[in-house]
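Some features that TrEMBL has for this protein:
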- Arg89, Leu125, Glu173: substrate binding site (BINDING)
Amino acid sequence: MIRSRTVRNTPACPAANALPWRPLCAARPAMSPAWWRWVASRDSLTARLIAAGEGRRFRVRLLSQRLDRPHPDEAQALGLPADRYAWLREVALCLEGRPWVVARSAAPLTRLRGYRLGQLGERSLGSWLFRQPDLERSPIEVTPVAAPFHDAPGPWGRRSVFRHGRFAVLVQEFFLDTMADDLALPPR
Ligand SMILES: C=C(O[C@@H]1C=C(C(=O)O)C=C[C@H]1O)C(=O)O
């Protein structure tokens with residue numbers, strides 16, 4: 001069942017919190033090569049966006065950062081019991097003020113000790129992650145629906161868990177139609 005693009009996360013409707021994530025390879029037949037190069041990339045998305053922006057000003061716009069219960073599918077991806085709080089961060093990655101990607105990251109509080117990620121502000125989480133020498137990244141999963149926490153439509157979402165020692169963070173990135181328009185990418 002593919003969720004409509006307008007369904008927003010409603011706590012009363014737990015099903016709405018579970019996006020249809022599936023392994024990257026399962027989505028390959030439906031994904032154009034142009035998008036595959038973005039969605040399947042395992043290095044820093046921030047660095048790729050800056051390069052593709054060709055001089056456009058890059059900015060991380062902080063939409064929300066709080067301690068809250070993650071959605072069930074987020075808790076499950078982190079192996080976190082359902083009722084535990086996590087550090088939640090939602091950002092828009094903008095080029096010349098136009099959001100190309102929105103991202104929602106979730107990290108268990110017990111794994112955050114000693115890392116002052118709450119002070120990231122509008123610095124890219126990726127710029128910190130990819131500086132960690134022993135960074136590990138789980139296989140990428142994809143969903144063909146838009147971000148449930150943001151109104152702009154988009155062709156693909158992806159998620160993976162980054163680990164560094166005991167630290168773990170689930171990073172979910174939703175590519176937007178504005179990025180497809182600005183880079184002349186196919187609809188999906
Ligand atoms: C994980 C990365 O960091 C990006 C920046 C984020 C942030 O600042 O919150 C979140 C997800 C990413 O799109 C990356 O650059 O690959």
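Backbone N, Cα and C atoms are what each Cβ position is placed from, and that goes for glycine too.
Here Leu125 (substrate binding site) comes close to Arg89, Val91, Ala103, Ser105, Leu117, Val169, Val171: these same-chain residues lie at least six apart in sequence, with C-beta atoms under 8 angstroms from its C-beta. The substrate site is defined by Arg89, Leu125, Glu173, and by the 8 Å test on Cβ atoms against their centroid, the other residues of the chain that qualify are Glu90, Val91, Ala103, Arg104, Ser105, Ser124, Gly126, Val169, Val171, Gln172. Within 10 Å of the C-beta atom of Glu173 (substrate binding site) sit 23 other C-beta atoms, taking all shown protein chains into account. Taken residue by residue with DSSP, Leu125 (substrate binding site) is part of a helix.
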